[in-house]
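One structure is given here, and the rest of the page talks about it.
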Amino acid sequence: YCRHVLFVSLRLLMRLYLIVFKYLRRMSSGRGLMANSSQFTVEGKPFRILGGSIHYFRVPKAHWEDRLLKMKACGLNTLTTYVPWNLHEPERGMFNFQDQLDLKAYICLAAKLGLWVILRPGPYICAEWDLGGLPSWLLQDKHMQLRTTYPGFVSAVNAYFDKLIPLIKHLMFQGGGPIIAVQVENEYGSYAKDDKYMAFIKNCLLSRGITELLLTSDNWEGLKCGGVEEGIPGVLDTLPQRPLMVMEYWSGWFDVWGENHHIFQADDMLAVVSEILERGVSINLYMFHGGSSFGFMNGAMDFGTYKSQVNSYAEPLPDVPSLQKRSAYHPVDVQQYLCLWDTLRFQLKSEKPINMENLPVNNNNGQSYGYTLYETTITSGGTLHSMNNIRDRALVFVDRQPVGSLNYKTQELTIPDGKRTLTLLVENCGRVNYGKALDNQRKGLVGDITLNNAPLRDFTIYCLDMRPSFMKRLSSAPWKSVPHKPSFPGFFQATLHVEESPGDTFLNMSDWGKGVVLINGQNLGRHWFIGPQHYLYVPGPWLRRGENQIIVFEEHKSEEKLVFAENPDHGKTIDVYKLPFCTLL
């Protein structure tokens, strides 16, 4: 999948979505956002959408107002946001719209600040988010066909929308709310497996009371073959009397592990945005503020090569809000240590490997994220072969001593002779969020692995998902002082003392190996020495005055101290405008 997008004689290397608004239903005359002519109108008056994307689920709730005020101060008038199904229904039938996930409160805050809202409820959202926002428990059905009218998917979508839509339908423009448009699914033209599917999603929205303009978002085929002079006239020839909008003008680019940090030069971006505005086209900056994909929620790409993404996601105007407080706290000593092998409880037995989604855990919803440990007894050494059934990466141990790793590129490993215990610690590095590989995102061991061509059997399996329940169990585990030479993998604990009101900070993990960091039970995300992300964002609202517990799960290499910084260092960078689009995937 390789394309060049040339825009105003510049190499605009981003996902550019040219949105042609169509009526998918009849609106009442003169109300809400309309697309009857060459420009948008609201209540019959011309309206230019100047939008910005801020995802409430990527920004601590305490920072919502600050981010929205800054967007307002930049002259934008419309907030766009996705809605992640996998956060709102982490287990089948268990819904969460509270606290950090209080979508209604977020929309109401936007209205209070004078912003319109375009809502993008999915159910699939892409968003560089694990499985495009779809819950992993859908994959328990071995016949599941995501984003189609497959009965199992239809049933799950209906149950989810039965909870979601009633929460927001009273916030439509016609009900006095700020929502002026709702997107039907997302980028389905790039997937398009079922010609009945979009009509199904449209009906899901209309039948539950959505009253505003419905829209779709897809990449326009003409833009693959030329620049704005070739692309936009083709659109105008097709629908000359419809308003145009760039639904996703990418103001940044996502990073993947092992590559440099991607940047956009401000001058290049300014020239392109100016051209868009001069043509009278509406625009949505994607993202205005990227926030962070905390925990294990990063997505991945697979266009022939699997690549896991990092956690960092890139009228008269009101005054710009003051800058948020940032702090570079003093380094703290790592004081306690817990060997991974001392945490293994609640074992599961299985003759054959079981992928994490089908493990009988979490109220039979399976394991969604993190690590899964598989252990079995072998009677001889030889060649261990993954059969390409490891998703996505495994540390291999013999008698709990490391002997190597297996992944997509390395699928064979030599095992020493003797009757021994063989252990594989398998990490889910993130599910693909875009493309044809979406249905094949089960994680863990998804099939047989062999030793000397014979499939291994009789596994003991442990779920290491780093969820709050798992971390709570660690409090009663046998922690001890950090030994001079700790064995890996292991957990390392430190305490950060905060004397004043906590401020945002960054945890510098550049001297550590690979693993996960949690602070006061909140999962900050992964660290990995290969970069580009070495600094993990620590939101001030997640800290408290007094003692703050930091736990690092580390696979390879630890340090004696944890070091903080006021700002991150991104290291080497890549100017996105100077690269062919296909090299970014």
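Glycine residues also receive a Cβ, built from the backbone N, Cα and C atoms like all the rest.
Summarising model confidence by region, the domain 'Glycoside hydrolase 35 catalytic' (39-314) averages a pLDDT of 88. Look at TrEMBL and you will find 39-314 tagged as domain 'Glycoside hydrolase 35 catalytic'.
Summarising the annotation, TrEMBL assigns active site, proton donor to Glu187.
The feature active site, nucleophile is assigned by TrEMBL to Glu248. Using a 10 Å Cβ-Cβ cutoff, Glu248 (active site, nucleophile) registers 25 neighbours.
Residues annotated as domain 'Beta-galactosidase 1-like first all-beta' in TrEMBL: 366-465.
Across the domain 'Beta-galactosidase galactose-binding' (489-548), DSSP classifies residues as 3 helix, 34 strand, 23 coil. Taken from TrEMBL, the feature domain 'Beta-galactosidase galactose-binding' applies to 489-548.
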Q. Which residue counts does DSSP yield for the domain 'Beta-galactosidase 1-like first all-beta' (366-465) in the helix, strand and coil classes, in that order?
A. 4 helix, 51 strand, 45 coil
Q: Translate the DSSP assignment of Glu187 (active site, proton donor) into the three-state scheme.
A: coil
Q: Compute the C-alpha separation of Glu248 (active site, nucleophile) from Glu187 (active site, proton donor), stating it in Å without decimals.
A: 11
Q. Per DSSP, to which secondary structure element type does Glu248 (active site, nucleophile) belong, with helix, strand and coil as the options?
A. strand
